[in-house]
Ligand SMILES: Nc1ncnc2c1ncn2[C@@H]1O[C@@H]2COP(=O)(O)O[C@H]2[C@H]1O
């Protein structure tokens, strides 16, 4: 039914598509002829009709009469033609019936806007005032039409002397600034009804009456399952109707909330059907609306009433939702444009700026938005506002201020006033003519001292420019150490040729290769011995201690073959408390300790399944959910419950952070493909599997077989990666990769191994510096010497690294609990080292004397802070920094108060779940 999308022809096109007025809707008529124009890149759907062939339908909508190629006519009524309704209802084109009169009388061969219900619209195109244009529109062979007048199907071809200018003007605007609407999808409705009663039947009929394709499900689980599947196949449900008449069968509020938290459903229309008595008190309805329901409707068995309700929902909610979702594509296009575009509001404050604007102005978005125009230009702008008032475009030179530079940059700017509300211009669009298409030009601009934060290009300066942070006490210590490191080459690329710049890039890349950073790390000495102990142990390799090995070491346990899927809950209980908690599974303040407690120490299995589901990992790997479940169960079983820190709760926590970061990357249009998402989540889940609760150095010092096997190099991480694949490939029932083709598997395996190995802390600064050197560069990553794959490797490594040590950037109570757990594990290592007369890797981590606040302050200052700032600059998650700073201040406070030992600190904490693993001390 209806037409398929087409784009309008360019205005220079002179012929209309042959075929005349095609069939619309029912009647078996031929499809409507479509015209297209790609000039402004927008998709429009233009159906040419002869105005003389329109008549009002009895319901008030305009009906289109069709004239088929064979001369027969067919009519489409509002009942059987989804297009005619919208033609009347589209406020942009016809406000009332008199508009239709204007359209439908006096002129021949005008082209009217026609739209599909709930889906797409447009457009009155033009009229042909000449005589003799007797053929149906599109019949260019009609002969008598005034040549040249039938210039185009595009409204821009209208001449000012048209006597119906008011109508045309409106429609001209409509075409000039079209609302891009999605192509005409089959609308789909999901009905969530506990049982199929008379109310459900009437709703089904009403939906069907409006051509909605209806699916009925009977439980929340079934609903979520259906949505997950539909999301995977990009077959979205536009409308979800939930039975909210009683909480016995279904908890509508709960379901609505769960749907809203399901990836990709923020613009899905959710309706609840409520008892009439519900409308007498507002609490229950408000609770539903707060849970994400768009509208509550009263139950009825009256089909007509239900049908009208449905119609209103289609027009007033679903259609705008469809428009909004399609506009995302426009914003993305605008955002990624190499050209500089900014838009002001009606008082000339900046309301929108794209990425190129950030780069040109050397400011981040939050600095730009709301700024008065006068702050952006050196030029006196009265010239533009005057022009704006007289509704003319400005086209000339303006001098732009670039942050950090004294002199302005003269640029050719086009300013287009737009009437967003009313007829007078309210907004101005600025389009800067950037020579050479943008990037090259911006790269050649004089470089100011600071680059914008919040953009990819800001990371280096944000993270490492001493001046920018000199006032910030938290940063000072860290930067005092870091700035002495050769993280940036002392050579600049300014004033050299492109070839030379490329060579310099190569040399820089070479200089930044592995190994160059580690030795310098040994030079880091903090003021505090606890921090020195910790940082030294984390950043330096085993060689420091290897000469002190003792020979009487026993072998620590490795993968325990009894830990198989069979000891894991065969069936995950659909516990509502767990389900409710998992609804928040991608929030930064997710309570992992509560999950640990209520899942009886199986947080990885439950959270893993939820996150796999949310990112549709099953479809990506083409694998049954049960295989993933079994895989998670086996991986979880191979984490040691006896470790206070490196247990499956830590794995779940890292996976949760990874999920949150991927979500943010998706929100920020930094696309990770589905396989990248899946492999990142798998790597996170498995990254510490079979961790013995002792460091690599301990393993080396104690001649552990793993240290022997891996030659003292990257011992633990190599083991985690190896055992992950050994377990996975060793049992077909848990082999999540078994359906991947060879090449895909090879690449997935390599990504997972690379990510797990990247969690090794001795290469921390190398990974951080490489990340900063690429994503903090003024040059787009793809223009650097690295290939796209190389830059995405750097991004993925950073992703897992940050997730792995994100605990100091979590809400305070979690941060403190993690600090307790890691300190406890370090203490146990020290205890064992003492007991076995091994070299003591971190002597300060003695439970009797250790200052926990001091260790955390050092950890944040030396390891976490710069990494978090770099990562925040990249993905824009300011809560990471906010939490980190609050935690840092708290540790400082404890330090000043002399609250040092674990016991002192824990005495000050409110309980967090029942988070002590059974055998923790
Ligand atoms: N809050 C913390 N305090 C001190 N060390 C930490 C903290 N969080 C993580 N770590 C260390 O950082 C390391 C990162 O890699 P691992 O998970 O192997 O081991 C981790 C711990 O040794």
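Cβ atoms here come from the backbone N, Cα and C positions, even for glycine.
TrEMBL annotations: computationally assigned, not manually curated.
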Which range is it, out of 98-125, 126-153, 154-181, that shows up in TrEMBL as region 'Disordered'? 126-153
Zn(2+) 1 site partner of 687, 688, 804 (as recorded in TrEMBL), chosen from 640, 650, 764: 650
DSSP three-state call for residue 646 (active site, proton donor): helix, strand or coil? coil
Integer Å value for the Cα distance linking residue 688 (Zn(2+) 2 binding site) with residue 646 (active site, proton donor) is 7
With DSSP as the reference, give the number of residues of the domain 'PAS' (326-380) in helix, strand and coil. 25 helix, 12 strand, 18 coil
Which residues of the same chain, at least 6 positions away in sequence, have a Cβ lying under 8 Å from the Cβ of residue 646 (active site, proton donor)? 639, 640, 688, 691, 693, 825
